[in-house]
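These notes concern the structure reproduced below.
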Amino acid sequence: MLEVSNLRAGYGAVEVLRGIDLAIDMGEIVTLLGSNGVGKTTFSAVVSGLMQPWSGAITFEGKPIAGLSSQAIVDEGVIQVPEGRHVFPNMTVRENLELGSYRRGKGNRMRNIEHVAEIFPRLRERFSQKAGTLSGGEQQMLAIGRGMMAEPRLLILDEPSIGLSPLLVEEMFSLIKQLNTDGLTILLVEQNVLQSMEIADRAFVMENGEIKLSGIPGDLMDNPELQRSYLGLA
Amino acid sequence: MPDSAIIIPSVLNGLTTGGLYALVALGLTLIYGVLHIINFAHGALLMLGLYAVYFLNVQFGLDPYAALLIVPPAMFALGYALQRGIIGRASHGRDENILLVTLGLSIIIENLSLYFFRSDTRTVDTPYSFDVVEIFGAFLPYPKVVAFVGALMTAALLWLLMSRTDLGRAIRALAKERKGAQLVGINADHVFAMSFGLGIACLGVAACLLLPSYYVNPQVGSGFVLIAFTIVVLGGMGSFVGALIGGLIIGVVEALGGLFLGESLGQIGIFLIFILVLIFRPTGLFGARA
């Protein structure tokens, strides 16, 4: 579904992504793991069209999308829920959701809002509340709900668990699993290795702008390098 | 102490003037609210709008109010093209660059106008230029009453656009959260240019409503824009309600200042308010607190 090959990108003269190769098949949850500063968010930004790649190829359902504008990539169905949520704080929950379908027109808007409200009943209670007044967990739900409004074919979730309490993190991961069970393909960009591995079909581990390890979670969890670097095990 | 028979007409007169000030300030605050820049070319563009209305009247006999069908759309197109073609490109994402570009544009537009139109002050003759309307016992110039109503209607339309349409929501979203806006597929360059175009279209409306009771020369914009900046600061940077209420307050203060202190000192009150707002409420009456 999504194929990335030899992707390079950076800021100014600093190369952040040093030849990334990654593929996601339809219906999968793929997790991209790595600690702070390894280039995960840069990778999300390039795939979403927020940053131009230096070189390399990105194809989505066979169509080259590297270097397209963010709106063209939204049109293709690749939707990113960014790290830090980036909801519209001055607008109500309903307005935030409506803007999620900005590129889709008004045809399915009401139906999609209803669908999001079913997934996140708490958002329904907050429809007329300004997004900036929501709690961190509610803002994360809104950010995902806004992404769902764009009828994604691939949903990129960038650090959805960051800043949430352990209970909410648990809730967030089971929700992500549920979205996938309902048929959504998901790229989960995370630092939370254990919980990401629990729900992912495959995992890629980034280090210094490169993919260091990849495979199915069961195998990777036994990898001594991963255990040492990310799980604190000797 | 003047009695109410003098004060009430002054206040009403101030409100009508304030409506026009608000219209100029609405465009300025819209551009500030979205692009986070102070548009120094605002006065020069108002002057261009006034010349457009003037020449449409003199060359083609078009009534200034009928010019509402032509000048605001043309000003919108000019604003869109300026933002997309010059301001956006030259800014490289840096606010100080945009300030310098708009200041440069202002100087170029004013000097080209001086070259082509000379410094003559020009007015239009309309059958209603000297008509008056009686409101609460006060006789107000008909063009100013029309301008006041037009300003309120424009503010209402702008409010509807901002609150009820996808474009308005996109403008508000982009004003506060650029990354989030791009990720829902909002084309930032296009929406920035639409916002700038709408701000300049407000000047087109102001020009059509203003000219029947005012004049045009190459320097005419600078007086308005100074007052508009004051209104934007008073109302709160980026606040539409603030621009409208602030415009009306400034209009009334100017009228009452003129009444009590004389015409030449009437504007002292405006700048006194400006200084007091900066000291005691720097976010303005309706501005968001940091």
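The backbone N, Cα and C atoms fix where each Cβ goes, glycine too.
The feature transmembrane segment is assigned by TrEMBL to B:6-24 (among others).
Among the features that TrEMBL reports, transmembrane segment is placed at B:31-53 (among others).
Look at TrEMBL and you will find B:65-86 (among others) tagged as transmembrane segment.
As annotated by TrEMBL, transmembrane segment applies to B:98-117 (among others).
TrEMBL lists B:145-162 (among others) with the feature transmembrane segment.
Under 8 Å from some Cβ of the transmembrane segment (B:183-212) lie the Cβ atoms of residues 20, 23-24, 26-28, 30-31, 34-35, 39, 42, 45-46, 49-50, 52-54, 57, 64-65, 67-68, 71-84, 87-88, 123-124, 126, 128-129, 143, 146-147, 150-151, 154, 158, 161, 167, 170-171, 173-174, all in the same chain and six or more residues away from its ends. What TrEMBL lists as transmembrane segment is B:183-212 (among others).
Among the features that TrEMBL reports, transmembrane segment is placed at B:224-253 (among others).
Residues or ranges marked as transmembrane segment by TrEMBL: B:260-280 (among others). Nonlocal intrachain contacts for the transmembrane segment (B:260-280), taken as residues 6+ away from its ends with a CB within less than 8 angstroms of a stretch CB, comprise 2, 227, 230, 233-234, 249-250, 253-254.
Same-chain residues lying 6 or more positions outside the transmembrane segment (B:6-24) and placing a CB less than 8 Å from one of its CB atoms are 42, 46, 135-141, 144-145, 147-152, 154-155, 202-203, 205-206, 209-210, 224-225, 227-228, 231, 243-244, 246-256, 258-259.
Ranked by Cβ pairs under 8 Å to the transmembrane segment (B:224-253), the stretches B:31-53, B:98-117, B:145-162 are led by B:31-53. With a cut-off of 8 Å between Cβ atoms, the residues of this chain six or more beyond the transmembrane segment (B:98-117) that come close are 35, 37-45, 47-48, 51, 82, 86-87, 90-91, 217-219, 221.
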